[in-house]
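In TrEMBL this protein carries:
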| type | residues | note |
| --- | --- | --- |
| BINDING | Asp80 | Ca(2+) binding site |
| BINDING | His327, His332, His502, Ile625 | Fe cation binding site |
| DOMAIN | 2-119 | domain 'PLAT' |
| DOMAIN | 139-625 | domain 'Lipoxygenase' |
| SITE | Trp104 | site 'Essential for stabilizing binding to COTL1' |
Amino acid sequence: MPKYKGVITTEDRLLASTWDHVHIKLVGTEGESRRKALSTGHFLFKAGSVLKFELDCKKSIGKLVLIELKKNPRLLLPQDPWFPAKVELKSPEGETFLFPIHRWITNKEVQQFREATGTWNLSPNWLLYFLLKCYNIPMLVFVFSLSRMIELKLHRLADCKEKWSSIDAIGKVFRHKQTTLSEYVQQNWMKDSLFGYQFLNGVNPMVIRRCSVLPENFPVTDQMVFLHGGRSLAEEMQSGNIFLCDYKLLDGLKANMVNGKQQYLMAPLVLLHKTPEDQLMPLAIQLKQEPSKDNPIFCPTDSEYDWLLAKMFVRSADFQDHQLISHLLRTHLLAEVFSVSLLRNLPMVHPLYKLLVPHTRYTLQINALARNLLISDSGYFNKFTASGGQAMQTILQRATSSITYTSLCIRDDIKERGLESVPHFYYRDDEQVWPATNHFLGYYYKDDSDVQRDTELQTWVLDIFKHGFLSRPESGMLQKFNTVAELVKFVTMVIFTGSAQHAAVNSGQFDYGSWMPNTPPTLQRPPPTTKGTADERSLLETLPDINVTVHGMAIMWLLSKQSSDFVPLGHYPEEHFSERVPRQHMEIFKGELGLLSALIEARNLNLEIPCTFLDPPFLENSVAI
């Protein structure tokens, strides 16, 4: 009687064990086995355990292509979730088969898993054996606002709706928790040099672009501005030294009510100049899109508080743009689209599933928590930011309908915005994190016809086009793959979005945003309509209340922290691949990231503000926080 020898491994992670009864069934090309009980003793499936078993068949069932696992609760006990890692089987003929699992089994339904080296397009008969089940991971522990308030020693101020009496009073609260960079921001937030620097290397490097022609609605003249070097605006634009930040997606929105008071949200235009010293300095700010007498163009030569208030309204607009567009939409929500399409269109043994599933880790869970705790009716955004309420929905709708494939591919995006040669742009310089997947994918796709014939792959990308890009051809989003090169670029974009891009717009939030005057989540007085009326008192009355400030600090502290079981980019603790070549390419990729990290560390030694947001050891493999 043919005998199959097997080993089943339980993942070595918290709560992975189970006391439930587990049964297994084998399916081969020539038949199937009977279902066999594996758990006959007490608590055999401990975290990290390896259980050997044997399974007899009346006759050979051929090459193994599928296993079924079924878990039933013990008598009088509730269902106990289980996280198996893999099942390895050796046939009577001596051939070894690997079935990667690496997922939670939470109910008593039959779970089916395909063999690791199987082809990704099975015949219709075999497809009937495989049903992609729901992706179940226990909810991430997300200790929220109150504990962060206590950690930051701010909980006594969480309900205080008073205005700040002075900038020094904010500083006394802020000193309880600082990073080296946040302290630098506190000391330099009023300087034009830091204001300009943040458009390149702060948490939102996605708005700035080179300006070759002034927008018609931004009538800046040579008489208004002072250009280092004495040249005209036209000459400096021709030389590529003028840059524009335009927050037009915020135009016409009614700002939120916070603490029962109307807030104010502008849609500014900002003109910047690259000086002969290679500093990016602001030249002019217009706080509303349409020029008018009550919408003056502010310049550095204006009074101290006029200019400071204008910059604060820009920084507040940048907060809304960053949080809702660059951060939420372009990383969290797009990563969710990629993840859901992966889970419902590609089987677990598909090479793209194996490559991408580590980059989906916790994404669906963290997004569900964000919907409940951050952007719900009672969440942080609706309670404490200018873009809460209907404004948030409108911003997301506008941004979703205008997003392009080019803007998601960092090299294309940098070129399209004209930023290839701007100095000291570390977001661009460190984009070598953009992972090289061509050799890996070349192992599975030898030529373009292999890509074209992969119907599961084509369904995956079409699903993304429909649900992530609203079936808009003008987005430039791919609807199908015709070549290996198209596939490589797209997969690289997916990996980059969920890892490096998220880190670039997330990791520095506390560093740059915890000092509230540098990044106000809301402002509660309208901007000046004439110059010469602002003073320190009007500035303090414009800043958000105390409770808004401390809640913002707590949120940014929370979002900037690494997840409790951080997995850096290039590390793959779950063994999805059994072949030698993909494993080798993973090690090569990890080595390349190590070299890049060494270059970044050496570069940072000579910088006044070290830029570490894209340093590989600090990049999470997925959107996990």
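Here, residue 1 is simply the first one shown, and the rest follow in order.
Note: Cβ is positioned from N, Cα and C throughout, glycine not excepted.
On a predicted model such as this, the values are computed, not experimentally measured, just so you know.
What TrEMBL annotates, mapped onto the structure for a quick look.
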residue : record                 : Cβ contacts under 8 Å, 6 or more apart
Asp80   : Ca(2+) binding site    : Thr18, Trp19, Asp20, Pro73
His327  : Fe cation binding site : Val203, His502, Val505, Asn506
His332  : Fe cation binding site : Thr363, Ile366, Asn367, Ala370, His502, Val623
Ile625  : Fe cation binding site : Tyr362, Ile366, Asn506, Leu559, Lys561, Gln562, Ser563
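Counting every protein chain shown, the Cβ of Trp104 (site 'Essential for stabilizing binding to COTL1') has 18 other Cβ atoms within 10 Å.
Taking the centre of the Cβ atoms of His327, His332, His502, Ile625 as the Fe cation site, the nearby residues of that chain (Cβ within 8 Å, site residues left out) are Leu328, Thr331, Ala335, Ile366, Val505, Asn506, Leu559, Val623. Residue environment of His502 (Fe cation binding site) contains 25 other Cβ atoms, counted within 10 Å of its Cβ in all protein chains. Look at the domain 'PLAT' (2-119): DSSP puts its residues at 0 helix, 56 strand, 62 coil. Here the domain 'PLAT' (2-119) has a mean pLDDT of 86 out of 100.
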